[in-house]
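Asker: I grabbed these lines from TrEMBL:
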{"type": "DOMAIN", "residues": "B:95-284", "note": "domain 'ABC transmembrane type-1'"}
{"type": "TRANSMEM", "residues": "B:30-54", "note": "transmembrane segment"}
{"type": "TRANSMEM", "residues": "B:98-123", "note": "transmembrane segment"}
{"type": "TRANSMEM", "residues": "B:130-153", "note": "transmembrane segment"}
{"type": "TRANSMEM", "residues": "B:159-177", "note": "transmembrane segment"}
{"type": "TRANSMEM", "residues": "B:220-241", "note": "transmembrane segment"}
{"type": "TRANSMEM", "residues": "B:261-284", "note": "transmembrane segment"}
């Protein structure tokens, strides 16, 4: 088990090195372009060369990469051109805001999708199964920017119950965070629900469930004690890997509702050409993705005895 | 003699097969409904140039509500947007754009992903190691980060969107194809082909890929839906095709701030995207159901 965790960790580290090197090569191999982005389009070539000299850009490429990674690891991501402050000062509050959004999403999506998936998978082909399946196809067909349009048309403009933006200018507000989370949950729960359903349906056809039913154990108990444990292994990995897809939805929702989060920072940085912000955000995003993959692998092994003992 | 029997029992022509598989669809009302939704948009997109529509980019009369009369006596079925452009016309021409680019991007991603998968699965060894590693690295990127990097660095053109979708989807397709091929390569007809002395290329393209088509068709439908979402999302985020041609995502982004008094401007394209994606997803769902029945 420990050996496996260690091997997974090594491959995670290797992927991070390759990815960060690729990102660095994409963003910073053209030094003059970097200087042009920092100093603005009207800076002269001499000014750019001087800036490069002063900021250590004339070192060999590999050396610059190592320094860059070292700085990033110690939380120094450079200076934001757009916000006129160190990137780290902008990045951490934004990440915290997005963590709130993602945390609330998980807190509602997981119980909802697991419950629906289990209810549907318990009796394959029943009415409840069809209803959940069709419902989840419907909701996963409406992308976040479309459902956000519909929901804000209903709840903001027609009924007037909720605010249409979530800028949180006067502190945290539940009314403002409701719609962003709601939109994410509506789009995201279907996938996990379908996974849970498939996994549950498969477990219900297995021999030990038949045995348990034939032994005369109450149906409720068969579900709770025998089926659920095995049926929830697959959804667990899906839920963690969703972080990778969640970022797209998070960016859309943050842009739609003007929520000051990590996704909006990344997109604004990319549209503005704020090079150090893009670098920092992509690094953080890839790190979260790779790390969640690591957790999901380890968790899957821990949960599944058939893998754990071989 | 046996050869004669086989010839007399000639397998139905490709067209016949196509109609036969269409007939299979009758088993699933869900698939038919999905197909109908897709065809609705495809037909509108094809007929767009001959339909009696206003020019999608012409500024006519701004802020008209649906079903209001035009100055020239015509009718704005779905109203006009903030720049006075006819929304019905923009939605239909937008369907053209999104269908063309979603299909192209998915097709290119599929060609790349299938080639990678069949090579990794059939040849194995170093080919497998290298291809699987590259895929793992690409899969470790959150898709949206790939899109943002590629499009901000190479520019927002149709070609680059196809490129970005290929980068994001081909690794996933590769994994599916590789898994299918690992299963298929131990079948008798592959051994037969190997014994006949067929080249690896022939076996991969003629023997393996066609026999892996079942699950791939279902996956392709799902991916078409997802690519549609992606293209509209890029448009919404300002990373899509350059203006002024209508783009469903961009239509939402442009008119979203006006929702308080003219909600229809953003709701119409949002409904268009949702219905097209729903079509792809329902078709995929129905096809999967049919394939599980056999």
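Residue 1 is the first one shown; counting continues down the chain.
Cβ from N, Cα, C; glycine included.
Unlike curated records, TrEMBL annotations are generated automatically.
Thinking about packing and proximity, how do these listed features fit into the structure?
Answerer: Within the same chain, residues 60, 70, 74, 85-86, 88-89, 92-93, 95-96, 99, 272, 275-276, 278-287, 289-290 sit at least 6 positions outside the transmembrane segment (B:30-54) and bring their C-beta atoms closer than 8 Å to a C-beta of that stretch.
Under 8 Å from some Cβ of the transmembrane segment (B:130-153) lie the Cβ atoms of residues 116, 119-120, 160-161, 163-164, 167-168, 170-172, 174-175, 178, 230, 234, 239, all in the same chain and six or more residues away from its ends.
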Asker: Excluding the flanking five residues on each side, which residues at least 6 beyond the ends of the transmembrane segment (B:261-284) place their CB within less than 8 Å of a CB in that stretch?
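Answerer: Beyond its ends, the transmembrane segment (B:261-284) has Cβ neighbours at 30-31, 33-38, 40-41, 63, 65-66, 78-79, 81-82, 87, 90-91, 94-95, 98-99, 218-219, 221-222, 224-226, 228-229, 232, 248-249, 251-252, 255.
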